[in-house]
Amino acid sequence: MPFQLPASDSLALAQNLQPTPIPDPYWVGFSESLAKSLAIPTQDGLPNDSAWLQVLAGNQTHVGEHNFIPYATAYSGHQFGVWAGQLGDGRAIHLGDVNGQELQLKGAGKTAYSRMGDGRAVLRSSIREFLCSEAMHALGVPTSRALAVVGSDMPVFRETRETAAVCARVAPSFLRIGHIEHYGQNHMHEELRLTLNHLIEHYYPECANSPTPYLSLLEQIAFRTARMVAQWQSLGFCHGVLNTDNTSLLGLTLDYGPFGFLDTFQIDHICNHSDHGGRYAYHRQAEVLHWNLYCLASAMLEALQEELQAVLGLEQEASIQKIKDTLDHYNREYANHWQSLFRQKLGLSIQYQEDVALLEELLQGLHHNQLDYTLFFRNLSEGQDVPKSLDAWAKKYQERLSLEKHSKDQRLEQMRQINPKYVLRNHLAQNAIELAQKKDFSEVARLLKILENPYESQAVSEDYAMGPPPELAHVSISCSS
């Protein structure tokens, strides 16, 4: 459900504008499964109406029954823990609603919030975002999705000369913590409440029945965020740039930039080569998102305190403590969901307090022995022996399995439904990118098809399930896109 406010001044949420066309657009990748859910008719893997190519390239704004009124939004935020001031959609242009979902073009030209940027995205990063968005959806992770990548031979200059592309992104909403921070920092009280009420009405209706709906909203956003990051950890996914302006208010994974899935397990792996201090390392993701939620609460503070004073009679100090207590529920929700997911990964259906120590010992063993994360859990799901370097842990694991009631076959079948065989490893994405740069888009389509069914063995080369060659392990990715 797209949300706009009147563009009365430079601080308002939305500014109407037109995308900047790209010359001679062509299809690079297209998600037919997403198109079907958006009620976009397709044939042979592409839209029936060829006008969709021009729309998703940013070259026109009408197709069929859709007459889009494009806009970009302002938001602010903390980047790497430091207040960055006003930011906004520097190269993302919202088209509008398609079957109840918001359609956005990333790389469709400059906006009022582009600052020094050119408003463009490159083919390399657009393919990565397209494939990972759809892969994460298939893995069961709450995420924005990607309908298509449209390319052009128009040059774009980053570290080197590259070519332009537009990634068509889809989500129920692209509202971020940064939007709320923008209002809070600029004392835009009416806009803040309108946005909070919009969130409750359309995405958190359960909060409307609470005597303190804004506090309930904060808690539910925290719960969704906690469950989302627990899923990331269970899959070995590193986001790479968890600034508040990249953090969804709906608990969705947004903004696929320098992300990566773990190959060999490193608890402190940093996937973003610009993250010199490791702020967004794998083992810090849950902690950082908790910090981001405190930024959200700070931006909501006036509305929260007014509500708590009016309903509960709490004065300033007591209301702040109430808000802190609410945010601390995040830690419990994260821990519970993390433990539940890892129990499932190990085929443990009965809960024992000692399981946490078993899980932590395993992760320490994977880290110490530099074992491939995805392969280890998938091989375990196939009934393969644990590597000899983990013999001591394996003995404890077998003892723990003796307490389970399911048969071995039942257990392994359930484990295969949560331990994927295929994830978007960086070397696989890079191979597809290098072929696409030569106008061969077959590997983009092949990878998409594989990643749409990550838990099922497929009639493809086993290379798609294997780790990278040694020289491509532990790759860090640039933020440049």
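One-based numbering along the chain as shown.
In case you wondered, yes, glycine gets a Cβ from its N, Cα and C as well.
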Requested in this report: Please state which member of ASP24, ASP255, ASP263, ASP268 TrEMBL lists alongside GLY88, GLY90, ARG91, LYS106, ASP118, GLY119, ARG169, ARG176 for binding ATP.
Outcome: ASP255
Requested in this report: With an 8 Å cut-off on Cβ-Cβ distance and a minimum sequence separation of at least 6, pull the same-chain contacts of ASN246 (Mg(2+) binding site), or say none.
Outcome: GLY77, ARG176, GLY178, HIS239, LEU254, ASP255
Requested in this report: Can you grab the distance from ASP118 (ATP binding site) over to ASP245 (active site, proton acceptor)? Cα atoms, rounded to a whole Å.
Outcome: 19
Report task. Tally every other Cβ atom lying within 10 Å of the Cβ atom of GLY88 (ATP binding site). Result -> 23
Requested in this report: Could you state the whole-number distance in Å separating the C-alpha atoms of ARG169 (ATP binding site) and ASP245 (active site, proton acceptor)?
Outcome: 17
Report task. Look up ARG169 (ATP binding site) in the DSSP assignment and reduce it to helix, strand or coil. Result -> strand
Report summary line: Counting other CB atoms within 10 Å of each candidate's CB, the least crowded of the recorded positions ASP118, ASP245, ASP255 is ASP118
